[in-house]
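According to TrEMBL, the feature active site, nucleophile maps to CYS353. Feature annotation from TrEMBL assigns active site to CYS356. The FAD binding site annotation in TrEMBL covers ARG146, THR148, TRP159, SER211, HIS214, ARG246. Residues or ranges marked as disulfide bond by TrEMBL: CYS50-CYS55, CYS90-CYS125, CYS353-CYS356. The signal peptide annotation in TrEMBL covers 1-33.
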Amino acid sequence: MSPGVRRAGAGQGAAAAVQLLVTLSFLPSVVEAQVNLKRPCPFWAEDGHCSIKDCHVEPCPESKIPVGIKAGNSNKYSKVANNTKELEDCEQASKLGAINSTLSNQSKEAFIDWARYDDSQDHFCELDDERSPAAQYVDLLLNPERYTGYKGSSAWRVWNSIYEENCFKPRSVYRPLNPLAPSRGEDDGESFYTWLEGLCLEKRVFYKLISGLHASINLHLCANYLLEETWGKPSWGPNMKEFKRRFDPVETKGEGPRRLKNLYFLYLIELRALSKVAPYFERSIVDLYTGNVQEDADTKTLLLNIFQDTKSFPMHFDEKSMFAGDKKGAKSLKEEFRLHFKNISRIMDCVGCDKCRLWGKLQTQGLGTALKILFSEKEIQKLPENSPSKGFQLTRQEIVALLNAFGRRINTFSKGESVLSPVLPIQISCACSGLAQGDSLLRT
């Protein structure tokens, strides 16, 4: 493929990203996630949650949650159920978050159907139990992803555990710029990439997805950074110094562009998943409950528009090359892949900052849902048009995570996080030049 063709593809991809972002911004049901922020860390004794006030996710009284989205409501479309004034009052009551510990907003019938289908073998994430009293509704618009001041050994311990114990890496091989690794003298990290390129396709994909996820989180923290706090009033904005420290080729010894390439690869994977899952939502039996009849129809229309846009995108990653060959070996590798990623989703419960944990869990679950979709293509194609799903099912939790995680990628590639735009698009353009096909990302 000639450089000119590749640049054209990248430009077309950016245009598609803008269109998808506009559509995503109008989806009312994707701004509210249900998570359990009280699950204990399963791997080590956490030394308590972050005491920084900006790490806090403020709960909203249950009485302020609209009746229409509460589980068990048999009159979901009544006048009372469609009253949105209570939600508006809730938003005014708290600028940090809106939380409710009731069940998800699906109907009783949907819950019964989901209970019949045990898809635990397809899950790439440790999902929160929606029936748990600790499960909470969180208004994501009131709890934006941003740098809160949570850092240090606790934060590094989380990422170190993810990379060192779950990325198919021997302990003798250190990833570049790891502050917790022993001194390596003049080693610039090339030995790590020599090792990485020697791995099979599936394990290279795994590492690049985790690196891309890490880059995405870091990028959004740089774009919405706690700059100063005067008289108790915090000031948030872009931190260019921090951005360069994490992504500039010189300051990162060439590692920054690799991270951005992996972020773009993550974008392609999730984009591919959206195009694959379209038939699941296109069925007439699938409704998206918001508590308002008109919003239900509008939400589904907007969602189908998103799927239509993804199908026109020219740079989908082809997952069919993964887990191919010997069936027994491929099945074993796929299970190992799934369990490693599921373990990473559990590590997110070790994040000490509630707001960081919220977005970490959301983005991880979004990627896990994308992987579940990619490797369930046959089941999706066999779904009945007018009866409940038997071979493939998505919970509301998975749908919200998938769309919000992808929304973070779209936000990055379409406008460069707004005020970071003078620098970020240039960095991403350099990193993504010539990357019109997913496999080329695996070789660099």
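Placement of Cβ uses the backbone N, Cα and C atoms for every residue, glycine included.
Bear in mind that TrEMBL entries carry predicted annotations, made automatically and left uncurated.
Recorded residues CYS353 (active site, nucleophile) and CYS55 (disulfide bond) have their alpha carbons 5 Å apart, per Cα-Cα distance. Closest to HIS214 (FAD binding site) in space, going by CA atoms and restricting to the recorded positions CYS55, CYS125, CYS356, is CYS356. With a cut-off of 8 Å between CB atoms and residues at least 6 apart in sequence, the same chain places ARG258, ARG259, ASN262 near SER211 (FAD binding site), listed in sequence order.
With respect to TRP159 (FAD binding site), the closest of these recorded positions in Cα terms is CYS356, chosen from CYS55, CYS125, CYS356. CYS356 (active site) is 8 Å away from ARG146 (FAD binding site) when you measure Cα to Cα. Counting only the Cα atoms, the space from THR148 (FAD binding site) to CYS125 (disulfide bond) is about 25 angstrom. Take the Cα of CYS125 (disulfide bond) and measure to each of the recorded positions CYS55, ARG246, CYS356: the nearest one is CYS356. CYS125 (disulfide bond): 25 other CB atoms within 10 A of its CB, across all protein chains. In this record, FAD is bound by ARG146, THR148, TRP159, SER211, HIS214, ARG246; the longest C-alpha to C-alpha distance in that set is 21 Å.
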